[in-house]
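This is the structure I want to talk about, given as structure tokens.
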Amino acid sequence: MAKTLSCKIGPSILNADLSQLYNESQKLIDSGADYLHLDVMDGTFVPNLTFGHPVVKCLRTKLPNAIFETHMMVQNPLQWISAMADANVDQYTFHIEPCDDVPLVCRKIKEAGMKVGLAIKPGTPVTCVEEYIDMADMILVMTVEPGFGGQKFMTDMMPKIEMLREKYPTMDIEVDGGIGPNNIDVCAKAGANMIVSGTAVIQAKNPPQVIQLLKDSVNKHLNIKSN
């Protein structure tokens, strides 16, 4: 677990112009992004299909110093660990729902030199992830159904974040799904310190301004919680 919490903003490139993946990614980093959230979908765990490790590896050659988190919306998370490690991914976040042996996947991720993120869908009780907390570097609470960008934010997921923050005050908690200036305060107040925002940042007229607004909200509430 993290010793001290900090705010991190990780734009999702899912809604970017994927034909300009490097340029779009560089623009986000230049706008103040702390990391890039890369949505990997296999067409099985979720009905959509995006990109895999060859694309991530190519992007890494262009952005050697960026922090990459791959959000693995895949049926078999064990299958892609070595490939993503080869692409120099920093954090491998996978869903516990389709996974038969979560501790094994966590161990393999660590052995491959990556951080472990555990993700839960909106319909998954937060208690399901608690038994694996000690194996995780981060917990991702989805605020939309995984698989598609541009969905409406689910406010009723906030109690999950509140419970995790209360019980695990130094754990990195990420929130992903329909997040932007209109609802960042709700997420920050609940206790999320890692914010994934796609459409709200990428389609903004002034992406740096939006990223700073998200950071300011999270930092304000983090300071309140630490006092």
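Glycine is treated like the rest: Cβ placed from N, Cα and C.
Okay, so TrEMBL annotates it like this:
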type	residues	note
BINDING	SER12, HIS71, GLY147, PHE148, GLY149, GLY150, GLY178, GLY198, THR199	substrate binding site
BINDING	HIS37, ASP39, HIS71, ASP176	divalent metal cation binding site
ACT_SITE	ASP39	active site, proton acceptor
ACT_SITE	ASP176	active site, proton donor
Determine which residues of the same chain, besides HIS37, ASP39, HIS71, ASP176, have their CB within 8 A of the center of the CB atoms at the recorded divalent metal cation site, and list them by sequence.
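For the divalent metal cation site the neighbour list reads GLY10, SER12, LEU14, LEU38, GLU69, THR93, LEU140, VAL196.
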Do any of GLY147, GLY178, THR199 (binding-site residues) have a CA within 10 A of ASP39 (divalent metal cation binding site), and if so which?
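Checking each Cα against ASP39 (divalent metal cation binding site), the hits are GLY147.
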For ASP176 (divalent metal cation binding site), which residues in the same chain are close in space, meaning a Cβ under 8 Å from its Cβ, but six or more apart along the sequence?
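Non-local contacts for ASP176 (divalent metal cation binding site): SER12, HIS37, HIS71, LEU140, VAL141, MET142, THR143, VAL144, VAL196.
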For GLY178 (substrate binding site), just count the other CB atoms lying within 10 A of its CB, please.
22
Given a separation of at least six residues and a C-beta threshold under 8 Å, show me what packs close to GLY147 (substrate binding site) in the same chain.
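Set apart from GLY147 (substrate binding site) by at least 6 residues yet with Cβ under 8 Å, we have MET41, VAL46, PRO47, ASN48, MET73.
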If you count other Cβ atoms within 10 Å of each one's Cβ, which of the binding-site residues SER12, THR199 has the most?
SER12
Quick one: give me the count of other CB atoms within 10 A of the CB of ASP39 (divalent metal cation binding site).
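I get 24 for this one.
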